[in-house]
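Below: the structure, in structure tokens.
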Amino acid sequence: MSLLVRGATLPDGSRRDLSIADGRFVESSDASATVIDADGLLALPGLVDLHTHLREPGFEQSETVLTGSRAAAAGGYTAVFAMANTSPVQDTAGVVEQVQSLGERHGYVTVRPIGAVTVGLAGERLAEIGAMAQSRARVRVFSDDGHCVHDPLLMRRALEYVTTFGGVVAQHAQEPRLTIGAQLNEGALSSELGLAGWPAVAEESIIARDVLLAQHVGARLHVCHVSTAGSVEVIRWAKARGIRVTAEVTPHHLLLTEELARGYDSRFKVNPPLRRDEDVVALREALADGTIDIVATDHAPHPVEAKECAWDEAANGMVGLESALSVVQAAVVDTGLLEWSDVARVMSSTPAAIGLLAGYDSPFSVGSPAHVTLVDPTAHRSFSTADLHGKSVNSPYLGRDLPGRVIATVHEGRPTVLDGVLLAPEQVGADRV
Ligand SMILES: NC(=O)N[C@@H](CC(=O)O)C(=O)O
């Protein structure tokens, strides 16, 4: 298949045609190429999400690899890293290979499974990290996300182990003893509402410990969903000392605050919780100055019955793949903190580099795999369930006006979204002709 993306504006502001054939960018198109008119559209490199919950195997009522891949493509993503908290847990070569194969079969995005750090995410003994790394899935990112690897000796061993093949441990930083029963950010609001709080120090103390461990063993550490101003300070300190730490922030922590918990609408219940205005300001600045390296969605689908219940019984998590780019535009582009070229870095090339995913280091250059996201940054939409393509609807943005819209997504030279419409599985899947 060959494509000609005509007249796209690249992140650096230059305007050019993009010729694609056999999955890669080429010098020029032949007459048979399908033309995509990109006049007035911004071309970003295909987005990469380092933190997605696809729920399969085990929680298919919330999401599957297919439905999550469709949600990702609709949001402009061409690759996602699938978190390990499935059932069975992604803690063996067999399970990670299964997830990888499902992604390949559906073809909407590249699915890279994340391996669990500990068996069953139980935090007691290391999972088969080496076997997952050597499997056909070639796992390079390991995480117990949803749980913190809180035993310092296990964390040390995991960091040492992954270093032998260049991998990384992505830590869910939450000291469990400080967050028993926690329902929202700890502070004046949690006192007022009479709900158990989730203190910032529970995140900051684990990050502080882990950067010191990473320094001690010379390992690479990645910090998931950083949510507090204090965490930013710790990471800034660690980077200044040359410690090999990278960090992510979610779109929701860049835009939303704890005040939304007042209405007890559980769409706003998430782990780590929404924080204060001053945390949002610090997170935006940290993304702009490079202290925080990437944006990752933490797309966490849950069925209606897990969300439509009392706040303290509701599951933590929000879907985020289809809204991420718009939320980033609202939070940091339209506010003048980031340029589109920075967005390309924090949502594509750097997450790929952290996860050791090849093909994203020289976007749009001849010979590179053709992953493209065409965006209309001038569009506006009232975000609705029609914008959601996964199985779950627990989005905090329903009814909110969001800027920007994904018009086309091209994964390995093949469209998954065209004219703003997500293509059907038979038009996209690996068993197509
Ligand atoms: N981020 C969330 O709020 N939820 C995550 C796991 C977790 O981090 O608690 C999930 O898997 O649902």
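Just so it is clear, glycine is given a Cβ too, placed from its N, Cα and C backbone atoms.
Counting every protein chain shown, 29 other Cβ atoms lie within 10 Å of the Cβ of Asp298 (active site). Annotated active site per TrEMBL: Asp298, in sequence order.
Sequence annotations record features per position, and here TrEMBL assigns Zn(2+) 1 binding site to His51, His53, Asp145, Asp298. A strand conformation is recorded for His51 (Zn(2+) 1 binding site) in the three-state DSSP classification.
Residues or ranges marked as substrate binding site by TrEMBL: His53, Leu54, Arg55, Asn85, Asn271, His302.
What TrEMBL lists as Zn(2+) 2 binding site is Asp145, His172, His225. Remark: His172 (Zn(2+) 2 binding site) has Ser143, Asp144, Asp145, Gly146, His147, Cys148, Val149, Cys224, His225 as non-local neighbours, by Cβ distance under 8 Å and separation of at least 6 in sequence.
According to TrEMBL, the domain 'Dihydroorotase catalytic' annotation covers 42-229.
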Tertiary neighbours of Asn271 (substrate binding site) (same chain, Cβ under 8 Å, six or more apart): Gly146, Gln174, Trp198, Asn316, Gly317
Spatial separation of Asp298 (active site) from Arg55 (substrate binding site) - C-alpha basis, Å: 12
Cβ under 6 Å from ligand 1: qualifying binding-site residues of His51, Arg55, His225: none
Distance, Asp298 (active site) to Leu54 (substrate binding site) (CA atoms, angstrom): 10
Number of other Cβ atoms within 10 Å of the Cβ of Asn85 (substrate binding site) across all protein chains: 21
